[in-house]
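Enquirer: Here's a structure for you.
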Amino acid sequence: MSGWATTYTWRCDAVDYSDSPQGLRMVRVAWLFLFSKFIELLDTVFFVLRKKHGQITFLHVFHHSFMPWTWWWGVSLAPGGIGSFHAMVNCIVHVIMYSYYGLSAAGPRFEKFLWWKKYMTAIQLVQFVMVSLHVTQYYFMDSCDYQVPLFIHLIWMYGTFFFVLFSNFWYQAYVKGKRLPKQDSKPGLNGKANGTTMVANGKHHKKGNSNGTSNGSSHNENGSAHAGKMKKS
């Protein structure tokens, strides 16, 4: 927000390479943004170390691996100007995202405040549309003094590519429901008799021998089971 909330025009803003207070402030903010991208990369590393395979997707790994290295070049060559717009938008989106994560980690009493989970991906999609549209204006300007035009093309590709990836995630998760937990329509009937493990109503029962375990309770016909044999009453 250092430049975008003050003197930037939201159009073709050049990078301020001078020692002015605003130029130096923008550089510091850009380096802090880069640092936050490495923190997000560590988030992925911790998922791998903790074997949270259900949370590790191509989108997650690629997004968190791609951003730190590209932004290192951005901070080193052009810390500010029109190319920093997507960083400002990304910061706002991540404040919303990590507010959600904080509430979800605070315990069951906050679950009623998490109804907007599916809108998190929608917010991401809006972000990428804004980023791509903002830099698209560069192609329709008669002149623009932005010092690193290559970054404009890369940012446009970044916004478009991640829009496609997140759109696919949205479709798979909320349209087809592939990433949502599925309810078993017949609880208690998914165990195998005479197997090493029976699962009934979410509980594991080991070495069950046709003991009729269902909904967490045992039912033995005409007697009780002793050492694997039936005693008739």
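Yeah, the Cβs are placed from backbone N, Cα and C, and that goes for glycine too.
Just so you know, TrEMBL annotations never went through curation; they're auto-generated.
Keep in mind that this is a model prediction, so the values were computed, not measured.
These came from TrEMBL, pasted as-is:
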TRANSMEM  29-49  transmembrane segment
TRANSMEM  56-74  transmembrane segment
TRANSMEM  80-101  transmembrane segment
TRANSMEM  122-140  transmembrane segment
TRANSMEM  146-171  transmembrane segment
REGION    183-233  region 'Disordered'
COMPBIAS  209-224  compositional bias 'Low complexity'
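Walk me through where these features lie, including what they touch and how far apart they are.
Expert: Sequence-remote contacts of a segment are chain residues at least 6 beyond its ends whose Cβ falls under 8 Å from one of its Cβ atoms, and for the transmembrane segment (29-49) they are 1-2, 55-56, 60-61, 64-65, 67-68, 71-72, 74-75, 79-80, 84, 87, 90-91, 94.
Long-range contacts of the transmembrane segment (122-140) within the same chain: residues 10-12, 82-83, 85-86, 89-90, 93, 96-97, 146, 149, 152, 155-156, 158-160, 162-163, 166-167, 170, each at least 6 residues beyond the stretch ends and with a Cβ under 8 Å from a Cβ of the stretch.
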Enquirer: For the transmembrane segment (80-101), give me same-chain residues lying six or more residues beyond its boundaries with a C-beta closer than 8 angstroms to one of its C-beta atoms, as numbers and ranges.
Expert: 1, 3-4, 10-16, 23, 26-27, 30, 33, 36, 71, 74, 114, 116-117, 120, 123-124, 127, 130-131, 134-135, 138, 144, 146-148, 151-152, 155, 158-159
